[in-house]
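J.: First the structure, which I've put down as structure tokens, then a few questions once you've had a look.
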Amino acid sequence: MSQTLLDSLNQKELTETSCTIEIQAAFILSSLATFFGGLIILFLFRIALKSSRSWKYVKGPRGLLELFSSRRIEANPLRKLYFHGVFRQRIEMLLSAQTVVGQVLVILVFVLSIGSLVIYFINSMDPVRRCSSYEDKIVHVDLSFNAFFSFYFGLRFWAAEDKIKFWLEMNSIVDIFTIPPTFISYYLKSNWLGLRFLRALRLLELPKILQILQVIKTSNSVKLSKLLSIVISTWFTAAGFLHLVENSGDPWLNGRNSQTMSYFESIYLVTATMSTVGFGDVVAKTSLGRIFIVFFTLGSLILFANYIPEMVELFSTRKKYTKPYEAVKGKKFIVVCGNITVDSVTAFLRNFLHWKSGEINIEIVFLGETLPCLELETLLKCHTSCTNFVCGTALKFEDLKRVAVENSEACLILANHFCSDLHDEDNSNIMRVLSIKNYYPQTRVIIQILQSQNKVFLSKIPNWDWSAGDNILCFAELKLGFIAQGCLVPGLCTFLTTLFIEQNQKVFPKHPWQKHFLNGLKNKILTQRLSNDFVGMTFPQVSRLCFVKLNLMLIAIQHKPFFHSCCTLILNPSSQVRLNKDTLGFFIADSSKAVKRAFFYCSNCHSDVCNPELIGKCNCKIKSRQQLIAPTIMVMKSSLTDFTTSSHIHASMSTEIHTCFSREQPSLITITTNRPTTNDTVDDTDMLDSSGMFHWCRAMPLDKVVLKRSEKAKHEFQNHIVVCVFGDAQCTLVGLRNFVMPLRASNYTRQELKDIVFIGSLEYFQREWRFLRNFPKIHIMPGSALYMGDLIAVNVEQCSMCVILATPYKALSSQILVDTEAIMATLNIQSLRITSPTPGSSKSEVKPSSAFDSKERKQRYKQIPILTELKNPSNIHFIEQMGGLDGMLKGTSLHLSTSFSTGAVFSDTFLDSLLATSFYNYHVVELLQMLVTGGISSEMEHYLVKEKPYKTTDDYEAIKSGRTRCKLGLLSLDQTVLSGINPRKTFGQLFCGSLDNFGILCVGLYRMIDEEEPSQEHKRFVITRPSNECHLLPSDLVFCAIPFNTTCGKSDSSPSIQAQNNSTNATTPLAQGSNFFDSHHADESHDLYPVDDTGERWSQHHHSRVYPLDTLDASDIVQEK
């Protein structure tokens, strides 16, 4: 009995181990025969199909040919429609998981593939060379799985467009090398592992299955699942191959070098090989195994080095940047969203953290829509104490909740200046504002806008509140406003820029002028509440006291008149305005510590203090408060016009004003004064827009302003402004309206307005013209600034300034090339040399010449004044070389270049710093916008957008029109009213004398670089806020804030007559064949740039007609888009 049982066990063991090489070869050859046989058959049918096309009639069944072809025979369309339009379409929908049945089918195939792989793992516990008996139940389960795989393979084969391509797909190869051996095992009544490890490649379908089941939804989850499936399937497949060859041995040695290696040991070997080069405890002994390890090591270097770290990063980053920001009570923070890149974050942190000089008390939370790159992550780590990054978007409430917007101090939105579509960039940022305001209406929002016409939509957003600190920084408006000021007053563009840039680079000046310029760079516009000891004093008195006693330059105040509740900014107000309690003052100073002296000043304690540094907070308890009882404002009825613009006008002051507002018929507001008039004719009537801020004219057709080169003698321009624009029919609009508006400000008389001549593509100006058609004295010359003939045709040699605007953004490989056209145009214009007119000649002569002529030639010719805009500040070295300057201020910074110090170049890169300025002190930005945009404030703009009618008295309408606001200009020391100031050896003496006698506020100097070697081309540089002890030179020009009704001509006898003779703008010098610089160089016969044409206070514009500028319609934006 026992002997019979022993024999039975021995027979079973013999049956399980008797898997000969012939049986193994049968399993392998079945797969190879299926693969290559099927491939040959497909190629033969493809060849037969192509051969049949040469026959007129094809004999035999056609459906079989179509089945194996990648194309279709066009006969019998009804049959094709039936088989391939119905049945085939349903199969494709099943296989693509577009239906519920298809999704179930795909999931079922994946689950059965994993089940077949599990069966392989179970069978791999036995030696590879042992064949399992067919009586094993697991074999029947595996056979049923493979039968289903065969059915699925047939469906895929039927639905495939290209059968040969399908045959070579990875999933097809897996089925071909795993399904046939299963049926062979049924015939041989034995089962062998063989190549069934290839089922592990089905794990690559894992991301698709998880998406169907909606387990993963985010892009990071999909990416992580793909990486994970690639790594795992590679491990299992490589381990299966090693398990097979190491247990079977090399075929040519009949397996004599085989070794027993479990599947787990194979996975261990593969893992060790991927991560390092193995540890030597488990190694491959067969030649096939070692060859496989060699190639697998090379592939694993790529796989492990790229995929594994990326997976780890996804695991850690997802948790790190998706968790909500925890707002700590008492800790202030802001949210920054929009364009979050390395460059934008770098610029923002540099400007934002500078305000507190290293003292960090506000945390910055960046809300980025994508995970930070390595460079940005490194930057954030350098500021880890004050920065946080959260991945999300401001368009979703859940992301806004994660960054706790409702608890933030403000939400700042960054714009991408280098985007290809400025309109889309603005629209996306406007949508962010709308989302933030809808989520929490009280959130303070500061946004960067690229195009000024898009500001209209922000004012219409519910809960937008200017008074709560909501602010708009429009780059096009500010940039072109700066350039326009540089056209009105040479050097003013640089003067204003120096007040907002921060110079941290150490520079060692070699020349005296460099020292003066660098000292000016230290000054900034700062604000400070004024001491209540100044209450009741006039602005000139306070400004003089601050200058002499406190060593501070007070230039403007925020004033609150008694007849309405709003505050308005006033630059250099007249003596009729007296200070109220807690008046906000605007200073040009070098530190916030210095301006605090204006707050601490006490008339009792500091009256005898001579050193401004000693003025600090005093312990005075009892002060004389008689000034507090004094009237806050003392205004003469005849002097109402001395007030400046206010944004809120009460309707209760309305009298006898006839207004008519409509889009088709512009509004007409006629202002009539009761003052005595002379020569009151219709020709003298000025037309203004509805705000009274800008000169207006009826819409002009474009063809009326287009100039022809052949009619040069017909339009002999002099003292005009030439603007070179590089644009075409497809590029983004620059927004020339923002450039023209400051040049058409109403505080200049109609006679003072200079002609503006644009040179550029006519197709481009056709797109811009609807924004410019209501401004007077605008002309267009079709052509290019790169063509000398077009420049000469517009009398560029007689212009007061030639502006070269940068090319609209283009996607280029190098950022150096963005300024190519601007640099070449600058070179083209600088090559022109203008001879000074001889005594017998009334016109100057233009001659092309090299920019590097001898010194004698430089003395004979003069250059055309140029202001070039650069998008890339590093391109300044091209301008320096062409300007003939030797780069005496060494350094790569544009703001340290000689060209910048002379006012010859401008770049808007510093405007990024205004975002931080607007957050800490939005009053400074308000003043800047008022200075560079022609006097309009954000609150006034709110009314302009709505076209809200003003119903006021006649006198106050004159105030509202803004015509009485100060003008910035240049005055010479000898040929203007400044010549009557004595003594005036130092800037301090000049400041006090001009303020006391004329109400003129001196703020800076425009000085010659080399006084000892004067020439026609001599350059001047800007000195911002000179020191009180700065000695003046006879050739100095003075930057001044000049009251509207002040006569600036040198007075010898009658003021009114002298005003008509001497108070001129720069038209006169250029009309005589010279330019602004020559007028002060040769004999300095002309004084002011610019001044009024009228001399007496009461005779300013007896009749003024006011019209609205055409407001931007949303349809125009859509049409332009």
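Cβ coordinates are placed from backbone N, Cα and C, and glycine is handled just like the others.
The domain 'RCK N-terminal 1' annotation in Swiss-Prot covers 331-473 and rests on sequence analysis. Residues or ranges marked as intramembrane segment by Swiss-Prot: 260-282. The topological domain 'Extracellular' feature in Swiss-Prot is assigned to 1-24, 123-137, 248-259, 283-290. Swiss-Prot lists 46-101, 159-165, 210-226, 312-1121 with the feature topological domain 'Cytoplasmic'. The annotation transmembrane segment is assigned in Swiss-Prot to 25-45, 102-122, 138-158, 166-186, 189-209, 227-247, 291-311.
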J.: Looking only at the topological domain 'Extracellular' (283-290), what are its DSSP counts of helix, strand and coil residues?
T.: 4 helix, 0 strand, 4 coil
J.: Under an 8 Å Cβ to Cβ limit, what residues of the same chain, 6 or more beyond the ends of the transmembrane segment (166-186), are close to it?
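T.: Contacts of the transmembrane segment (166-186) (Cβ under 8 Å, skipping residues fewer than 6 from its ends): 26-27, 30-31, 34-35, 38-39, 42, 116, 134, 139, 142-143, 146, 149-150, 153, 156-157, 160, 192, 194-196, 198-199, 201-202, 204.
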J.: What average pLDDT is reported by the model for the topological domain 'Extracellular' (283-290)?
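T.: Its mean pLDDT is 86.
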J.: Just to be sure I understand, if DSSP states are collapsed into helix, strand and coil, how many residues of the topological domain 'Cytoplasmic' (159-165) fall in each?
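T.: Across the topological domain 'Cytoplasmic' (159-165), DSSP assigns the residues as follows: 4 helix, 0 strand, 3 coil.
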J.: How about long-range neighbours of the topological domain 'Extracellular' (283-290): same chain, 6 or more residues beyond its ends, C-beta under 8 Å?
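T.: That would be 242, 245-246, 249-250, 257-259, 269.
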J.: So how many of the residues in the topological domain 'Cytoplasmic' (210-226) end up helix, strand or coil by DSSP?
T.: 11 helix, 0 strand, 6 coil
J.: Per DSSP, what is the residue tally for the topological domain 'Extracellular' (248-259) in helix, strand and coil?
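T.: Helix/strand/coil tally for the topological domain 'Extracellular' (248-259): 4 helix, 0 strand, 8 coil.
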J.: Quick check on the domain 'RCK N-terminal 1' (331-473): DSSP residue counts for helix, strand, coil, in that order please.
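T.: Tallied per class, the domain 'RCK N-terminal 1' (331-473) gives 57 helix, 31 strand, 55 coil.
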